[in-house]
Structures are given as structure tokens and as C-alpha cells.
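Student: Take a look at this one; I'll ask things after.
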Amino acid sequence: MASPYNPERVDRGSKEKDREDEHNDRSVDEELSITTVKVGYLMKHSRQKDFAKRGTFPDGVTPNGLLFQRLSFEKPLLPQLEDVDIILHKATDEIISVDLRDSTESSNAITYTKGMQELKRYMEQHVECCVIDPLDKIYPVVDRLKIQQILNGLEDLPKGRCCCIRGPNFLKVDDFNDPEMDQRLSAAKLSFPSIVKPQVACGVADAHSMAIVFKSEDFKNLSVPLPAVAQASMDILAAFEYVNHSSRLFKIYVIGKKVFYAVKRSVPNADILTKMAIENGSSPLIFDSLKSLPTSTDSLHGGESSRATLDHFDIDLVTDAAYWLTRKLHLTVFGFDVVVQEGSNDHVIVDVNYLPSFKEVPDDIAIPAFWDAVREKFESMKI
């Protein structure tokens with residue numbers, strides 16, 4: 001069920017500011033009418049095909065003066081790059097491995113394909129080129145612990161109608177057999193069930209292999225696969241607070257200055273998960289979040305709580321968080337997932353990702369917003 005956020009509610013300000021913005025928009029439109037900007041884009045074939053099918057990369061010039069050109073690692077890259085004004089990429093499609101065993105916050109922790117390494121060198125040597133987005137800005141969304149540390153700053157945002165927006169409580173797991181696991185979980189404000197995720201959030205095969213654990217003993221037998229590059233380090237897992245949210249997930253899309261959202265079904269509440277675990281022999285529930293989430297027909301009984309979750313969703317609070325994240329991450333297009341906690345109505349951000357497909361937002365709304373975001377990024381580089 002897609003529920004696009006009305007952009008008019010995002011642009012809050014006085015009438016005088018609105019008139020000034022309209023004047024500036026007219027000035028920009030006049031300039032755009034005579035200036036064509038070439039956008040070279042690089043992403044895996046299936047993603048290119050999906051975006052192109054929806055009209056994101058038209059053959060001709062867009063209404064705001066963008067001309068998209070597909071770049072290929074199968075051809076000499078330098079001549080292709082010299083012919084474009086903007087580089088648009090999905091670098092996480094080109095990750096070979098991620099090594100998070102030290103405390104580095106640099107994209108050097110990521111090993112890319114040969115073609116992406118060549119593009120990286122080009123961008124480092126041509127700092128003046130417009131890139132959506134620089135590789136060092138993408139690094140935090142690859143590291144789940146790093147993004148959680150950033151989300152801790154949300155506590156400085158003013159509260160919404162009656163709730164706050166925050167990241168989940170979490171704990172870095174150093175040793176599956178830690179005899180003080182219960183105490184560490186308690187100190188981190190975690191209780192059971194908890195959800196366990198690899199520290200690497202994307203780009204490698206097992207980044208989405210997760211487990212829901214129901215007791216500390218479950219950690220000892222946990223079989224969540226680990227990326228080979230980090231096999232020597234047991235600290236690549238993290239335990240996160242499991243938030244009861246009436247099986248409703250809000251997918252938030254930040255496209256330039258506009259914010260959209262869609263509502264999707266999600267994992268059941270803790271009581272239903274516990275029942276599923278008992279039926280499964282009290283074992284952890286292991287799953288791949290990209291392929292299949294734990295589900296139960298029992299969760300359908302929560303119609304009233306699901307309705308309440310929808311009613312308590314505070315789009316103004318989420319929009320403030322979206323703008324805050326934009327300033328912190330310096331990303332042009334990104335997404336994050338929000339669940340509304342039953343009882344407290346806290347809005348909890350459980351995932352952040354770079355350049356999502358935003359396919360839940362109608363194309364006639366999302367695609368022009370995407371074009372505007374790309375153009376605005378280019379214009380900002382000229383200032």
C-alpha cells in the first residue's frame with residue numbers, strides 16, 4: 001500500500017518565502033531551458049533496467065535539462081567520464097568485501113570491483129566533478145554500528161506530538177559465548193526477543209542474513225553467516241532492540257528536498273514470534289530480510305493496533321528527521337525504515353540505505369522529484 005507524502009507539506013514557510021522561492025524557481029527554470037547537463041549513470045544491469053522501465057533514464061532531455069547516458073565498465077572508462085557533467089552511481093552494487101575489524105571510518109574499508117576502483121581514482125583526482133554521491137558519504141550506511149551512532153544524535157530533535165524519533169537500542173557482540181551476555185544486554189536496554197544482524201549492512205552476500213533470538217543461549221548456537229573477509233573477527237554482529245510495531249513498516253524516501261513514504265507489512269509482534277519459536281523447537285528464527293521475513297497469520301488479529309499505529313505515525317516528526325539525516329549524511333537520495341512502537345509511539349529508525357528504488361512512490365511523482373534532486377545537486381556544486 002503506497003502512501004506518497006504530499007510535498008506541499010514538506011515546504012513549510014511564510015508566504016513571503018513562498019513568493020521568493022517562486023521567483024527563484026522561475027530564474028532557475030529560465031536557466032535550465034538553455035542548459036543541458038549530461039548525467040552518466042553506473043549501476044548493476046537489473047537496477048538499470050528497473051529504473052529505465054519506469055522512465056527514470058529517458059532517451060531524450062528531461063524537462064529540467066538532464067540527458068542521461070549509461071556508463072559501462074566494459075569499455076574504457078575515462079573517455080566516457082570526460083563526456084558527462086554528473087556521475088550517478090550505486091557503488092554498493094560494486095562491493096567485493098568489507099573489512100570492519102578496525103575503527104576506521106573511511107571508505108578504504110571497502111574493496112570494490114576493478115571498474116569501481118578505477119572510478120574511485122578518477123573521482124579522487126577530479127574533486128571538482130559532481131558525484132551523486134561521494135564514496136565517503138556512502139560509508140556510514142554500509143556499517144550498521146556507524147549508522148546507529150549517528151542516529152543517537154536524533155535525541156536532540158524536538159519531540160513530535162507525543163513521541164520521539166530515535167534509533168533502536170543496540171549492542172556490539174564480541175563473543176557468542178560471553179558469560180556476561182545477559183548483563184551486557186541489560187546494560188544496553190535490550191530484552192528478549194532481540195534481532196541480530198551482521199555489522200555490514202549491504203554490498204555482500206550475507207549482509208541481510210539475520211536472526212531473532214529469544215534467550216542468551218541462542219547466541220551460542222547462532223548460525224548467521226559472516227562475510228569471509230571478517231571471519232577472523234567475531235565483532236561484526238550486533239544485537240538490536242526488537243520493537244513491537246503491529247506488523248507495520250513505514251518506508252521513507254528522501255529525494256533531494258522532498259520526502260515521501262509508503263506503508264508495508266512487516267514482522268509480527270514479539271508474542272507471536274515467541275509462539276513461532278516454540279513451534280520451531282525454541283530455536284532462533286533465522287531469515288534473509290531481502291527474501292523472506294518471519295510472518296504469521298496470527299498477526300492478522302491486530303487490526304485495531306495496526307490502525308492505531310497508522311494513526312500515530314507523525315509525518316512532521318519523520319520529515320524533521322529526514323532533513324536532519326540529510327545534513328548529517330550529505331546524501332542526495334536515500335531511504336530509511338521507521339516502525340512505530342506500540343505503547344510509547346516512539347518512531348524507531350531500523351534501517352538506512354543509499355539510492356533506494358523508491359518504487360512504492362508513483363512514478364509520476366517520484367521521477368520528476370528525482371530529476372530535480374539531480375539537477376539541484378549539480379547547481380549547488382557551481383556555487
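In case you wondered, yes, glycine gets a Cβ from its N, Cα and C as well.
Please treat TrEMBL annotations as automatic predictions, because they have not gone through curation.
For reference, TrEMBL lists these features for the protein:
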| type | residues | note |
| --- | --- | --- |
| BINDING | Lys114, His208, Lys251, Asn353, Ser357 | 1D-myo-inositol 1,3,4-trisphosphate binding site |
| BINDING | Arg144, Lys197, 231-251, Ser266 | ATP binding site |
| BINDING | Asp337, Asp351 | Mg(2+) 1 binding site |
| BINDING | Asp351, Asn353 | Mg(2+) 2 binding site |
| COMPBIAS | 8-29 | compositional bias 'Basic and acidic residues' |
| DOMAIN | 39-138 | domain 'Inositol-tetrakisphosphate 1-kinase N-terminal' |
| DOMAIN | 168-363 | domain 'Inositol 1,3,4-trisphosphate 5/6-kinase ATP-grasp' |
| REGION | 1-29 | region 'Disordered' |
Student: Specify the nearest of the binding-site residues Arg144, Ala238, Phe250, Ser357 to Asp351 (Mg(2+) 1 binding site), where nearness means the distance between Cα atoms.
Tutor: Arg144
Student: Out of Lys114, Arg144, which of the binding-site residues has the smallest number of neighbouring Cβ atoms within 10 Å?
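Tutor: Lowest Cβ count within 10 Å among the binding-site residues (Lys114, Arg144) is Lys114.
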Student: Would you pick out, from the binding-site residues His208, Lys251, the residue whose Cβ has the largest number of other Cβ atoms within 10 Å?
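Tutor: When each Cβ's neighbours within 10 Å are tallied, Lys251 leads.
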Student: Tell me the Cβ neighbour count for Asp351 (Mg(2+) 1 binding site), meaning other Cβ atoms within 10 Å of its Cβ, over all protein chains shown.
Tutor: 19
Student: I'm trying to understand the geometry here, so how far is the Cα atom of Ser247 (ATP binding site) from the Cα atom of His208 (1D-myo-inositol 1,3,4-trisphosphate binding site), in Å to the nearest whole number?
Tutor: 19
Student: Give the distance between the Cα atoms of Asn244 (ATP binding site) and Lys114 (1D-myo-inositol 1,3,4-trisphosphate binding site), rounded to the nearest whole Å.
Tutor: 43
Student: If you compare CA-to-CA distances from Lys251 (1D-myo-inositol 1,3,4-trisphosphate binding site) to each of the binding-site residues Arg144, Glu241, Asp337, which comes out shortest?
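Tutor: Out of the listed candidates, the nearest Cα belongs to Asp337.
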Student: What is the separation, in Å, between the Cα atoms of Asp337 (Mg(2+) 1 binding site) and Ala238 (ATP binding site)?
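Tutor: One finds 18 Å between the Cα atoms of these residues.
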Student: Determine the C-alpha span of the 1D-myo-inositol 1,3,4-trisphosphate site listed in the record, that is the greatest distance between any two of Lys114, His208, Lys251, Asn353, Ser357, in Å to the nearest whole number.
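Tutor: So the maximum pairwise Cα distance among the 1D-myo-inositol 1,3,4-trisphosphate binders is 33 Å.
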Student: Determine the Cβ neighbour count for Phe250 (ATP binding site): the number of other Cβ atoms within 10 Å of its Cβ.
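Tutor: Phe250 (ATP binding site) is surrounded by 23 other Cβ atoms within 10 Å.
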Student: Among the binding-site residues Lys114, His208, Asn353, whose Cα is within 10 A of the Cα of Phe250 (ATP binding site)?
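Tutor: None, since no candidate lies within 10 Å.
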Student: In the domain 'Inositol-tetrakisphosphate 1-kinase N-terminal' (39-138), how many residues does DSSP put in helix, strand and coil?
Tutor: 37 helix, 23 strand, 40 coil
Student: Using C-alpha atoms, which one of the binding-site residues Lys114, His208, Asn353, Ser357 comes nearest to Glu241 (ATP binding site)?
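Tutor: Answer for the nearest of the binding-site residues: His208.
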Student: Given a separation of at least six residues and a C-beta threshold under 8 Å, show me what packs close to Asn353 (1D-myo-inositol 1,3,4-trisphosphate binding site) in the same chain.
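Tutor: Long-range Cβ contacts: Val141, Ala201, Cys202, Phe334, Gly335, Phe336.
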Student: Which ones in the same chain are close to Ala238 (ATP binding site), with CB under 8 Å and 6+ residues apart in sequence?
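Tutor: Non-local contacts for Ala238 (ATP binding site): Arg144, Leu145, Gln148, Phe170, Leu171, Lys172, Val173, Val196, Lys197, Pro198, Gln199.
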